[in-house]
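Visitor: TrEMBL lists these features:
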ACT_SITE  Cys2  active site, nucleophile
ACT_SITE  Lys601  active site, for Fru-6P isomerization activity
DOMAIN    2-217  domain 'Glutamine amidotransferase type-2'
DOMAIN    283-422  domain 'SIS'
DOMAIN    455-596  domain 'SIS'
Amino acid sequence: MCGIMGYIGKGNAVPVIIDGLSKLEYRGYDSSGIALYNNNQIETVKKKGRLSTMVEKLEEKAGIDIGIGHTRWATHGVPSDVNAHPHADCTGQIVVVHNGIIENYAKLRKDLMLEGHDFISDTDTEAIVHLIEKYYKNTSLEKAVRKVLKEVQGSFAIAVMCVNEPDKIIAAKKDSPLIVGLGENENYIASDIPAILGKTKQIYILEDKELVILTKDSVEITDFDGNKVHKEIFEVTWDAIAAEKAGYEHFMLKEIHEQPVAIKETLREKIKDGLVDMSDLNIDEIFEDTEKIYIVACGTAYHAGLVGKLAIEKLAKIPVETDIASEFRYRDVLWTPKSVMIVVSQSGETADTLAALREAKRNGIKVLAVTNVVGSSVSREADKVIYTHAGPEIAVASTKAYTTQLVIMYLLALHLANVKSTISKEEITKLNNDLLKMDTLVEKVLTQQNKIKALAEKYKDIQSTFFLGRSFDYAVAMEGALKLKEISYIHAEAYAAGELKHGPLALIYDGVPVLALITQDHLVDKTMSNIKEVKARGAVVVAICKENLQETCQECDEQILLPDLNPILAPIVSVVPLQIFSYYMAVFRDCDVDKPRNLAKSVTVE
Ligand code: M6R
């Protein structure tokens, strides 16, 4: 949550910072601001609303070579001009941008106010800048910031600028991400890689409790105690084009269409001679004698974990518990010895997922991370990592990250089944070959875009909808419902089809649309009975069903047909019509598809 971008160098700071912030808007977009050193003073512009609103207020400024900017997702204090970052001290000479939460801000604020500091916002961040002001007496900015870092509690990535030391930006982090981009006679600080794509490919990834001083031509990293830290330069492989819309109206639509390639890329280095081969990833050492697997994640990644549970239990016969990270971290887990945790996170920065990972490690449990972002916190803290190769996912609604997470879940299930010989070699080979066809099958579904669009147009004014399924279909129903809620703001609920009559059936009324997933051959008759139950109560049923089940599903009002596919692997394909449906529902309802209200892509606070 919240994006930070800072620049110091030879060039024109304003466009660089604005461009960086535009790539970070996915992290929050309820206000934005920029602070620039100009004519021996710091000028700040900040505005409630999207970045474009702030940019409109920004007068053209050339020749400015240092500045910091911020795009906000509100935690403390409503979205407003005054709560937007950067925040300044009483003199207006020191400014700070912050991502995270200062947990002891109330006490700090109270004490500072008693000492005479004037607070003007409701944010936790303002305490940081007044505290720097307090300590910045007869000393350097660096020393003052170091003192503050010892006093603030919680999570933070900050960048600080000061009138008296206009040749530097000081930044520091704990539990919120921060990277340094290395240029020639110019350097950058940012919350995430997309902000600096197209500017440099060389970065440093800051670890917790590290502080960096950026000047035009130097980058000095130390720990919070001042000890020098030597870091390897990390070469970014994503290119700038991958983070652009490439002619699509929205990132989400582009990312939906990128799924065949993302699936292929994710499979690439894990299949050798046509068979799953994860030997290069060295994961066997953590799965030796595994008696239980915990899969922990949030949102869409959690839904991928639900599919992972079904696949691993079915194929590798290892018991799996899939949990929502924010619940898992506070429950009394009865850790089973010989267990492994798998954390799934597109960003690798989700606070709750990271906390669950740390909890597992504290209990001596090995952790495997499945993430899309190389160098992310979970990738660094886990014992082993498997990357999804989805490329940058910019839209808040996750699509290609989900399908590639599913691919990894299946690869893992197959790999473990192979190692443990829990299913026959023939079955493994068959599933393996079917998995290799997934990209083509997704492509086939994408050709139905216009049909699904027409369906969305027809249902665009609905108030409420339900998603049903059994087994793998239920897991996908949950993802479909989340997608629809998230971007079109329509109330949507997912139910296990067999559970309806235990209560939710009372919600069915005349004309309510029900989207039913029907891909599990052995369960089709059961699901059809449930469909008849909702139809009998007036529901209009849209079936997302496999071609071979078309006959059985005839009674449904509408059908979206999926190509013939292995039912175990069906989620990779069956989710795609739901993504397209949600996308067009949001478009027809004039919603901001890529930046839905109240949300941010990366949830780095609890
Ligand atoms: O980066 P992560 O995968 O850890 O993010 C988890 C969720 O915040 C994320 O999947 C969220 O639910 C998506 N916006 C759903 O589309």
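From the backbone N, Cα and C atoms, a Cβ is placed for every residue, glycine too.
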Visitor: Just how many other Cβ atoms lie inside 10 Å of the Cβ on Lys601 (active site, for Fru-6P isomerization activity)?
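Guide: I get 25 for this one.
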Visitor: For Cys2 (active site, nucleophile), what is the tally of other C-beta atoms lying within 10 angstroms of its C-beta?
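Guide: Neighbour count, Cβ to Cβ under the 10 Å cut-off: 30.
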Visitor: Rounded to the nearest Å, what's the C-alpha distance separating the residue listed as 'active site, nucleophile' and Lys601 (active site, for Fru-6P isomerization activity)? Just drop the number here, would you?
Guide: 10
Visitor: What is the three-state DSSP composition of the domain 'SIS' (283-422), stated as helix, strand and coil residue counts?
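Guide: The counts are 63 helix, 28 strand, 49 coil.
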Visitor: When DSSP states are grouped into helix, strand and coil, how many residues of the domain 'SIS' (455-596) land in each?
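Guide: So the counts come to 72 helix, 30 strand, 40 coil.
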Visitor: The domain 'SIS' (283-422): mean pLDDT?
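Guide: That region's mean pLDDT is 95.
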